[in-house]
Amino acid sequence: MLRSVLRVRSCSSLGRASLCPLVVPSVPPAALPVWRMLSQPLSNGSSRPEDDEGRRLYVGNLPWNMSADDVAYEFETSGEIVNAHLPRDQEGRSRGFAFVTFSSADEANAACDEWNGRSLGGRQIKVRLASPRGTPPPPRGGGE
């Protein structure tokens, strides 16, 4: 079994043929399309924030006891949810905000209009289009 997962090949660093940690899945040819689909991340292969631009919402001031599944459940009335992410601190506690990615920008905009300022779990949540990481958020008003 191990030899079917690890292939014998020449390792350039060792200069001789040996077992190298090259993982090769043993998938029958007929199952390759299914295997490719299952190996893709939940976000339709989108791993870069710019791919989600216009479809990803920032949801702030969430109740501390909410999970990513709870957030997705609440927002699914506004459209098809592709991904919901609730960041946690090192102790595993919610940080009080989440990112929800919709299948289209239109659904995300509609959800933003519908949910911003709405009460969820006794707290008034803030919903806006998420900015790419490293980009400052829009101004909050006030000041001069």
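The first residue you see is number 1, and the count goes up from there.
Every residue gets a Cβ built from N, Cα and C, even glycine.
Automatic, uncurated: that is what TrEMBL annotation is.
Annotated in TrEMBL:
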DOMAIN    55-132  domain 'RRM'
REGION    123-144  region 'Disordered'
COMPBIAS  134-144  compositional bias 'Pro residues'
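Secondary structure of the domain 'RRM' (55-132) per DSSP, as helix, strand and coil residue counts: 22 helix, 26 strand, 30 coil. Mean model confidence for the domain 'RRM' (55-132) is a pLDDT of 95.
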